[in-house]
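Visitor: Let me begin by handing over the structure; questions about it come next.
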Amino acid sequence: MAAATMALSSSSFAGKAVKLSPSSSEITGNGKVTMRKTVTKAKPLSSGSPWYGPDRVKYLGPFSGESPSYLTGEFPGDYGWDTAGLSADPETFAKNRELEVIHCRWAMLGALGCVFPELLARNGVKFGEAVWFKAGSQIFSEGGLDYLGNPSLVHAQSILAIWACQVVLMGAVEGYRVAGGPLGEVVDPLYPGGSFDPLGLAEDPEAFAELKVKHIKNGRLAMFSMFGFFVQAIVTGKGPLENLADHLADPVNNNAWSYATNFVPGK
């Protein structure tokens, strides 16, 4: 029998029956019981969501014009803009979408890592070097570089040691995500959930859909922020918070335009 209805005759459960669904249990001919995991189908999003569907928010609002036919508003962050036609091919679009989401996450972590040590240093926490693009040079100092300032964790005086640690730390997480977790239970490697969602933020489908939009929007801002940090480091040789403090102290002489004019030929 593929499914069975078992009447429980104990005194505490008299008169009650438990039905084992074929999707959750099977009784084979040799008496073994096999269990299968059932996946609950997500509820469809409400048609009133401003971020999805044909009536979603567009990149120029009411002046956006008609979106390309392949941008249907199915995915978060789709504002109907693809001038270069990068999303026309479904396979290319899927690949680029994954690349964007992953780069968004690294950029958000990177932007936090660029600002937070400098913020702590300005509030009395001692660092060997708090400015993000100067921190790596500590491996060439006499004392080397200690992870988290603790010499008992990783004491590095070699670029290869730093590289190896990054490969292990970053590669392990990415490998875990792409492989679908330790048991291969992850359905969507872009939004794996499970161990990656300990707070259960993805349990409600509508709230999760909105979080995806916030996630991609903040990630795009973070990528622009990282680009700005790179340019600031090259032009001013200072960290982002120091540049901000200089601008607030003297906005007339410390701004993008004043630095750009320094590169005018003949000046």
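The backbone N, Cα and C atoms fix where each Cβ goes, and this holds for glycine too.
From Swiss-Prot, here are the annotated features:
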type	residues	note
TRANSIT	1-35	transit peptide
MOD_RES	ARG36	N2-acetylarginine
MOD_RES	THR38	phosphothreonine
BINDING	TYR59	chlorophyll b 1 binding site
BINDING	TRP81, SER87, GLU100, ARG220	chlorophyll a 1 binding site
TRANSMEM	101-121	transmembrane segment
BINDING	HIS103	chlorophyll a 2 binding site
BINDING	ARG105, VAL154, LEU183	chlorophyll b 2 binding site
TRANSMEM	153-173	transmembrane segment
BINDING	SER158, GLU174	chlorophyll b 3 binding site
BINDING	GLN166, ARG177	chlorophyll b 4 binding site
BINDING	GLN166, PHE263	chlorophyll b 5 binding site
BINDING	LYS214, GLN232	chlorophyll a 5 binding site
BINDING	ASN218	chlorophyll a 4 binding site
TRANSMEM	221-241	transmembrane segment
BINDING	HIS247, ALA256	chlorophyll a 6 binding site
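Tell me what's around each of these sites.
Guide: If you draw a 10 Å sphere around the CB of TYR59 (chlorophyll b 1 binding site), it holds 13 other CB atoms from the protein chains shown.
Within the same chain, residues at least six positions away from SER87 (chlorophyll a 1 binding site) with a Cβ under 8 Å of its Cβ are PRO68, TYR70, LEU71, PHE93, ASN96.
Long-range contacts of the transmembrane segment (101-121) within the same chain: residues 127, 130-132, 135, 174, 190, 215-216, 218-220, 222-223, 225-226, 229, 239-242, each at least 6 residues beyond the stretch ends and with a Cβ under 8 Å from a Cβ of the stretch.
Using a 10 Å Cβ-Cβ cutoff, HIS103 (chlorophyll a 2 binding site) registers 16 neighbours.
Within 10 Å of the Cβ of ARG105 (chlorophyll b 2 binding site) there are 14 other Cβ atoms, across all protein chains.
In the three-state DSSP scheme, GLU174 (chlorophyll b 3 binding site) falls into the helix class. Around the Cβ of GLU174 (chlorophyll b 3 binding site), 12 further Cβ atoms fall within 10 Å across all displayed protein chains.
Within 10 Å of the Cβ of GLN166 (chlorophyll b 4 binding site) there are 10 other Cβ atoms, across all protein chains. In this structure, GLN166 (chlorophyll b 4 binding site) is part of a helix by DSSP.
Under the DSSP three-state reduction, LYS214 (chlorophyll a 5 binding site) is assigned to helix.
Counting only same-chain residues at least 6 apart in sequence, those with a Cβ under 8 Å from the Cβ of ASN218 (chlorophyll a 4 binding site) are CYS104, MET108.
Counting every protein chain shown, 12 other Cβ atoms lie within 10 Å of the Cβ of ALA256 (chlorophyll a 6 binding site).
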Visitor: Distance between PHE263 (chlorophyll b 5 binding site) and ALA256 (chlorophyll a 6 binding site) at the Cα atoms, whole Å?
Guide: 12
Visitor: How many Å separate the Cα atoms of ARG105 (chlorophyll b 2 binding site) and ARG220 (chlorophyll a 1 binding site)?
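Guide: Cα to Cα, ARG105 (chlorophyll b 2 binding site) and ARG220 (chlorophyll a 1 binding site) are separated by 9 Å.
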Visitor: Would you kindly list the residues that approach the transmembrane segment (153-173) from elsewhere in its chain, counting only those six or more residues past its ends and only Cβ-Cβ distances under 8 Å?
Guide: 136, 139-140, 144-147
Visitor: What is the Cβ neighbour count of ARG177 (chlorophyll b 4 binding site) at a 10 Å cut-off, with all protein chains included?
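Guide: A count of 17.
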